[in-house]
Amino acid sequence: MRRAWILLTLGLVACVSAESRAELTSDKDMYLDNSSIEEASGVYPIDDDDYASASGSGADEDVESPELTTSRPLPKILLTSAAPKVETTTLNIQNKIPAQTKSPEETDKEKVHLSDSERKMDPAEEDTNVYTEKHSDSLFKRTEVLAAVIAGGVIGFLFAIFLILLLVYRMRKKDEGSYDLGERKPSSAAYQKAPTKEFYA
């Protein structure tokens, strides 16, 4: 039983140390020391253009509307008495997708306002209108995060109670003196007291 507890404890320590080691290595990978960049080998020059432009900035970008071209063969069936022939022609369809001029936040706001006004006008069709809402900015207002935090707290609390009960059990067992440490107590006959009388010649 004692071996099982030792193995369980070693397993838990290994898991915790592996997680902390993974967090430390990921932090080292994410942040670089600027002073060591000049000393490192194989360093490329810093391109300032990449830092000035960001995803979705749209200030210097030329927006091209993509043209989709699809071709489908259309069979022409001419009925003749001798042999049926199938001739195919190609139909070209060009679709132009207009470029979006509004930001996604503005379009989301418009959808929310439109759906609110539609809900006021026609309350019978509430279930058919589906739109997306932005999630709240606070992390603890989300139900799944709150449930995970509560579950983690309960598990941690139960583990702490288990450790305290184990400690109390071990202390009581130690007070009783029932530990078998694998050491044999020498019998009283093994060590006999030498006579304390001294003889002087």
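Glycine is treated like the rest: Cβ placed from N, Cα and C.
The annotation compositional bias 'Basic and acidic residues' is assigned in Swiss-Prot to 103-123. If you look up Swiss-Prot, you'll see Ser41, Ser55, Ser57, Thr101 marked as O-linked glycosylation site. According to Swiss-Prot, the region 'Disordered' annotation covers 42-70, 90-130, 178-201. Summarising the annotation, Swiss-Prot assigns signal peptide to 1-18 and lists sequence analysis as the type of evidence. Here Swiss-Prot flags 19-144 as topological domain 'Extracellular', drawing on sequence analysis. Residues or ranges marked as topological domain 'Cytoplasmic' in Swiss-Prot (evidence: sequence analysis): 170-201. Residues or ranges marked as transmembrane segment in Swiss-Prot (evidence: sequence analysis): 145-169.
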Non-local residues, at least 6 beyond the ends, that sit with Cβ under 8 Å of the signal peptide (1-18): 166
Integer average pLDDT (0 to 100) for the topological domain 'Extracellular' (19-144): 59
